[in-house]
Ligand SMILES: Cc1cc2nc3c(=O)[nH]c(=O)nc-3n(C[C@H](O)[C@H](O)[C@H](O)COP(=O)(O)OP(=O)(O)OC[C@H]3O[C@@H](n4cnc5c(N)ncnc54)[C@H](O)[C@@H]3O)c2cc1C
């Protein structure tokens with residue numbers, strides 16, 4: 001937990017973590033250890049598990065549409081889960097759910113919210129006053145525009161340019177927040193409504209939300225956002241979520257890692273090129289029938 005979290009949130013989390021009740025529900029030991037622990041992300045953000053439902057055996061139970069444990073041995077369950085993942089039989093994975101409390105910069109939230117198959121409740125900046133907390137990248141994360149990918153970053157910025165950027169980011173954030181505070185102040189004036197005053201705040205200010213999603217859609221989110229092509233600032237959230245999911249549903253996560261995260265998709269043209277290569281033919285970009293971009297991505301995976 002970052003040290004500058006508001007004490008109120010820290011107390012609430014500690015209180016929730018201390019409370020224990022006996023249950024007849026399925027519990028995942030790995031997830032129990034994660035519950036109510038705020039995992040720091042970026043400079044002021046965090047992810048914590050508020051609640052969850054189901055475990056690996058809940059996936060198998062649904063797949064077999066049976067009652068009770070629904071399985072006889074762990075290796076059976078593991079094999080079934082791998083089969084489901086391999087064949088895109090996805091609904092059994094929807095039987096598991098997780099509810100997260102996430103604190104994240106607004107520009108990261110804009111990417112995250114595009115994942116529509118989740119339930120979200122966000123901090124209200126109409127009702128409450130936002131904290132003076134802005135994401136300022138570390139020096140090593142401050143990068144120049146990529147020259148090969150319009151939607152990405154390249155070399156790390158250095159020297160006077162890096163310093164100038166950091167100074168501007170800090171100054172702009174501070175100045176905007178000073179004006180925000182001055183506008184809502186009721187000291188000797190009426191004070192602008194919070195819902196209006198917030199409009200001058202930059203996209204690196206932090207927001208918070210509760211985000212509830214089922215495991216199938218969480219895997220979809222992680223597949224896209226833990227990927228090397230995702231922006232670093234959302235990828236670090238996805239990476240900690242991968243660790244949490246691995247502890248929650250080890251068999252399902254292992255299948256996901258194998259078939260989705262670590263796996264690769266092949267087009268029909270790609271299959272054809274691989275077959276020709278295996279038959280000893282030298283295939284070039286021109287003779288592959290692929291576009292420049294397709295060929296670059298194909299060679300990136302298959303060499
Ligand atoms: C690297 C990267 C770059 C991106 N760049 C851009 C960009 O430049 N501009 C931009 O606008 N977005 C961009 N996105 C966002 C992207 O287009 C998706 O909106 C986002 O990844 C959410 O994916 P999704 O719709 O599959 O997820 P979800 O909304 O969670 O949906 C999951 C699945 O449910 C189904 N579904 C959900 N809602 C509907 C619906 N209303 N109708 C039909 N099917 C539905 C679809 O099958 C969908 O795949 C980018 C994403 C990534 C990962």
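These residue numbers are counts, starting from 1, taken along the chain as shown.
Even glycines carry a Cβ here, placed using N, Cα and C.
TrEMBL has this to say about the protein:
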BINDING   91, 114, 115, 116, 122, 214, 215, 216, 220  FAD binding site
BINDING   111, 112, 113, 114, 122, 123, 124, 125, 126, 198, 225  dUMP binding site
ACT_SITE  225  active site, involved in ionization of N3 of dUMP, leading to its activation
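A map of TrEMBL features onto the structure.
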{"residue": "91", "record": "FAD binding site", "DSSP (3 states)": "helix"}
{"residue": "111", "record": "dUMP binding site", "DSSP (3 states)": "helix"}
{"residue": "122", "record": "FAD binding site", "DSSP (3 states)": "strand"}
{"residue": "215", "record": "FAD binding site", "DSSP (3 states)": "helix"}
{"residue": "220", "record": "FAD binding site", "DSSP (3 states)": "helix"}
{"residue": "225", "record": "dUMP binding site", "DSSP (3 states)": "helix"}
Statement: The answer, for which of the binding-site residues 115, 126, 220, 225 has its Cβ ringed by the most other Cβ atoms inside 10 Å, is 225
Message: If you count other CB atoms within 10 A of each CB, which of 113, 215 wins among these binding-site residues?
response: 215
- prompt: Say you check the Cα of residue 122 (FAD binding site) against those of the binding-site residues 111, 113, 225; which is nearest?
  reply: 113
- prompt: Between residue 225 (dUMP binding site) and residue 91 (FAD binding site), what C-alpha distance do you get in Å?
  reply: 21
- prompt: 91, 111, 115, 122: which of these binding-site residues put a Cβ within less than 6 Å of any ligand 1 atom?
  reply: 115
- prompt: Where residue 215 (FAD binding site) and residue 111 (dUMP binding site) are concerned, what is their Cα separation in Å, rounded?
  reply: 19
Message: Within a 10 Å radius around the Cβ, which one of these binding-site residues has the most neighbouring Cβ atoms: 91, 111, 124?
response: 111
Query: If you draw a 10 Å sphere on the Cβ of residue 122 (FAD binding site), how many other Cβ atoms land inside?
result: 13
Query: Quick one: Cα separation, residue 126 (dUMP binding site) versus residue 115 (FAD binding site), in Å?
result: 24
Query: Closest of the binding-site residues to residue 91 (FAD binding site), Cα to Cα, picking from 111, 113, 124?
result: 113
